[in-house]
Every structure is written in structure tokens, then in C-alpha cells.
Number of protein chains: 2
Amino acid sequence: MKIPQATTKRLSLYYRFLQHFANAGKERVSSKELSEAMKIDSATIRRDFSYFGALGRKGYGYDVPYLLRFFRETLDQDVETNVALVGAGNLGSAFLKYNFHKNHNTKIVVAFDNHAPIDGEIISGIPVFHPDRMEELLPNYDVEIAILTVPSRSAQEMADRLAELGIKGIMNFTPVRISVRDDVRVHTIDLSVELQTLIYFIKNDGKIEE
Amino acid sequence: MKIPQATTKRLSLYYRFLQHFANAGKERVSSKELSEAMKIDSATIRRDFSYFGALGRKGYGYDVPYLLRFFRETLDQDVETNVALVGAGNLGSAFLKYNFHKNHNTKIVVAFDNHAPIDGEIISGIPVFHPDRMEELLPNYDVEIAILTVPSRSAQEMADRLAELGIKGIMNFTPVRISVRDDVRVHTIDLSVELQTLIYFIKNDGKIEE
């Protein structure tokens, strides 16, 4: 079954909120309750859930343990995903410290940075090596995903090297639109663009279609 | 004229790329060239530009200086926007150091953090105060936008206080779905969700509609 991309983007959000409901001891939840908690309209939630084969019952709602099990399997929450961080400057070292510790299933296991000594060093518990050793060392860490937080001028070169090393997904925080082979998925979050867009929205309220 | 939201989100990206072309001395650019540089298909670019009243001429392309002037006015690139940062932990202090210095028109001018002394301190050139003084001091800084990088448990309270102080836009980096009055725009970037989504995509390639 094909799932629309917009639905896919809400999967891990649904999972998180269902966990909240489960932790609060709730066994069932209505699309209205989810809608209020998540700020997503309830028609969207019902449509999304129908793709997952989860049909809520009128006056009963959705079964929380069933849904949690479904999302856990779908999102492979039980499988830990190893992540590499490339570029440990301001933003990169914030990620090293944070290390997505609220997600038990994703973990930065290795980092590369130009300022690291050739023998490596430990920052926030993570080994950080010089990028000259990436081809030699990255294969030891069973990594499929890389977070790219290098300066713009190195972004494309690093992306090429990561693709060559078999990385399947790159979370790109540089402003560069990087080009890679079709089998590597790049997801770009450009924080300046996000900020600019928010500014444009508040200055042009009413001129934008929702 | 109403501009679709998806188009709006590309505005500052277009502006950035047109600047690159202008800096490279180009006076005109085709939708194909923009398409290749930006990784956006050229039909989308032509449709977006038609909303701006910019009609490319066949065999000529778009006039770069005209477009740059148009985008600069539209995005208010000449007006500096003051930004407040609330929460100077790992991610927040990375933003303080970075301070969007590639955008000459947006600037973090003040920050608030629980660990700041009551008289304030200077971090990366920016005054950082204790949040107890937010109501007293924020009005001095002519700020319309706030970046929220506090722990989850404080997110809603801080958002309420920012709304009360007249903030018009909140860039929310916490995983909390905050509720504010309708006249405050919240843009949430949940980095864990982004990472989870990328992982889901690479593990389910082919099962997702593009």
C-alpha cells in the first residue's frame, strides 16, 4: 500500500502522542482528543489512520495499545538506528550534547570534525575523528544516516563521500542544495530559511492562503 | 493577491539563489538554470514566479536585477528584524553563536535563560537575562519574533508570556505543540521528528508516494 508523503511525515508525531496517552493510562483515544493535543484537524487524523488500517469505532475511539504496537512496528522503534554526525561546530556540537536522548532508538555513535586530532577525541561521550579518517573508520559503526552540519563550502564534498560510503539518508543543515545519487535521500532543514519564512508570514498575514 | 502557502515557503530560497546568480555577474536566468541549482522542478518555478507577476521571456529567461528588487521588497530584506531567544541551553547557545549572521536582516538581540544571573550576562555578544525579567526588559528590544529553545516543561508557559508581550511569531524547537492566540504564528521544528521521518523514508523506500 502506498502511503502519501504528508501522512508519512506525521507518523512519528502520532507515535509520540500515543505514548503520552498510554503513559497517562489511557486505553482509548478519540480523533478529537488527538486533534486537540496535536493541533491537527480530526478529519486528517481519521484519513491518516485509515491508511494504517486503524478504524476508530464511533463512541469508542481508537485502541491505544493496538495503535502503539502498530506504530512501533511501522517505525521500527525497537531497532536502534546509528547516526553519524559530520561537522561538530556550533550546531553540530549542540546535537552531540543533545544526542536525541528522548528517542531511545536513534543515537549519534560517531562524529567527524576538521578540528579533531587525528587520533580522535571524546566529546559528550561520542568519539570525534578528523574527516581524513572517515573512509577508514565510518564502516566500523554500522551507520545508515548522517547529520551534516559542516560549513557550506564542504557540504557537497562531504555528501559525496558519505554516499560513496553507503549512507542512505542525509539530514542536511547547511544552506547548500546538495546533489547525490538517487538512492540517497537528503532532507534539508535550512534554519535561516525557516526563520525568514516565519517573518514573511507574520508581516503578510491575510495575504497567504492557508 | 493570495499566494499559496507552498509558494510562500520558497520565497526566501528564491531570494538566496538569485543573489548567488547576481553575485556571479549574471543578468538573466532561465527557469531551467534555477531548477538545476535549487532542485525544484522548473514548472513549479514558472508557476510560482507567475504569482509574483514575473513572466520569463522565451529564450531570454528572467531578469535577475528585477527579480532581486522584487524579492527584497517582498521579503522586507532592507528592514532588520529583531529576534529574542528564549532558552540558552545546548541548541539555544548554538543559535546565539551562529546568530544567523549570513542574513543581514535578522538578528538575535536579547536572550533569556534560567541560568543567567539576575543582572544578566553577555554571551556571544548578546545580553542574556533571567526569564524573571522578561516582562520588564523584552519591550526595550523592539522584538516581534522569538526562538523557543527551552525544556519541554517550560514551553507552554513561555509561549503564553511571549504572546502576552506582543510577540507575533514563535519558532518552536521544543517537541511540545504549544497553543497560543490566533494572532500569534507558531512554526514548530521538531528535530527528533525530522530525524525519525528520514529514517522511516529510507527504510520504506518505494512504499511512499512522492
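Any Cβ shown, glycine's included, is placed from N, Cα and C.
Heads up, TrEMBL stuff is auto-annotated, nobody curated it.
Quick caveat, the model's predicted, so the values are computed rather than measured.
According to TrEMBL, the feature DNA-binding region maps to A:13-52. Annotation comment: TrEMBL describes A:76-177 as domain 'CoA-binding'. The feature NAD(+) binding site is assigned by TrEMBL to A:Gly87, A:Ala88, A:Gly89, A:Asn90, A:Leu91, A:Gly92.
On the structure: features taken from TrEMBL.
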| residue | record | Cβ neighbours (10 Å) |
| --- | --- | --- |
| A:Gly87 | NAD(+) binding site | 25 |
| A:Ala88 | NAD(+) binding site | 24 |
| A:Gly89 | NAD(+) binding site | 16 |
| A:Asn90 | NAD(+) binding site | 17 |
| A:Leu91 | NAD(+) binding site | 22 |
| A:Gly92 | NAD(+) binding site | 23 |
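Proximity to chain B, defined as a CB-CB distance below 8 A, holds for A:Asn90 out of the binding-site residues A:Gly87, A:Ala88, A:Asn90. Using DSSP to sort the residues of the domain 'CoA-binding' (A:76-177) gives these counts of helix, strand and coil: 33 helix, 28 strand, 41 coil.
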